[in-house]
Ligand code: CTP
């Protein structure tokens, strides 16, 4: 990954303490980080902390280090500007094109991508003044991320909580690689399955697979920030952070996953089957732990029955008029990925299929992915290697163009 000049702006809100985590996300990958707090941000975090973490001097005013023409140079040299937290006041000043401190003048000069992670009380976020300012900035190509729902400074909860540093860094890097996140899915309802299903053998054992759920979660995350209403039906996704702003329905077995998907498909505009579904399950789930060397040999010889094909079932529901969603599948192939992928797309009847080559455990659990997006219309789009978020952007672009 090439190293970038990243400006991290910090506005004066309590979430400023979390900006230290955002700084670390970028310094740890070797990026050159210049921190530009507003004067009020320094009431929450000290300049010494920000200088130590970033390894660069910290200024807030256009009148410091005037000989270096900082108010112009910092913005000109930036490859990416991330402002976390972005308060209601800072958003208003940016929307008005103000340049009354070093951070706002830096943004006014910059031509690089700008990503804002808002943090404020729910009332302030929902206030039409803020919403109109946000819409203005988005129209100008600024990526204003959706804040999370959750605990705010006081006892109240609601939208307005800042995203976690790792989520902000992930989305900001995606913007750097693929451009601003547009609000192209506003009003759309999206249903995504993710992770691996697990089939119980007995109370302590199960059949599972190595899917991490990362690609499905990345698809959900990108959809949330494109403005969609997102539901994830999640099998085993281990320690993954839940994408903020998406509803998550937890399931374990294929039967549970199928039920959850079918129950929600009618209302969805897009359905994505990113889950790694167990093809077979034990014919019988033992109610007590199976023991070695039993007369019926039940542990060494498992009798399996085939699971329903959830994707195929969703396509059949559409044929029956129960949903008109665009349906997207995945295929992980070790050999002849394009040929097997095309055959799978036809067999399943989906509209689009993301094909990954998974030789040698590639893709599973990793942070990167690559492959091809095949369309039922005969289209074939190569997806170059990138983070699972970058691949998610390519998949959403293909879905929206379909
Ligand atoms: N899938 C599904 N239900 C199943 C198996 C798979 O919905 N019982 C979905 C997956 O979520 C994925 C697509 O079908 O979107 C392809 O999964 P894959 O395991 O590659 O396909 P299979 O039909 O199981 O074919 P293979 O014999 O190659 O495993």
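Each residue, glycine too, has its Cβ placed from N, Cα and C.
If you look up TrEMBL, you'll see 1-189 marked as region 'Phosphopantothenoylcysteine decarboxylase'.
The domain 'Flavoprotein' annotation in TrEMBL covers 5-171.
Summarising the annotation, TrEMBL assigns domain 'DNA/pantothenate metabolism flavoprotein C-terminal' to 185-401.
Residues annotated as region 'Phosphopantothenate--cysteine ligase' in TrEMBL: 190-402.
When other Cβ atoms within 10 Å of the Cβ of residue 310 (CTP binding site) are tallied across all protein chains shown, the result is 25. Under the heading CTP binding site, TrEMBL lists 279, 289, 308, 309, 310, 311, 330, 344, 348.
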Within the predicted model, mean pLDDT of the region 'Phosphopantothenoylcysteine decarboxylase' (1-189): 95
Same-chain residues at least 6 apart in sequence whose Cβ lies under 8 Å from residue 279 (CTP binding site): 306, 307
Sequence-distant neighbours of residue 330 (CTP binding site) in its chain (C-beta under 8 A, six or more apart): 215, 273, 274, 353, 354, 355, 356
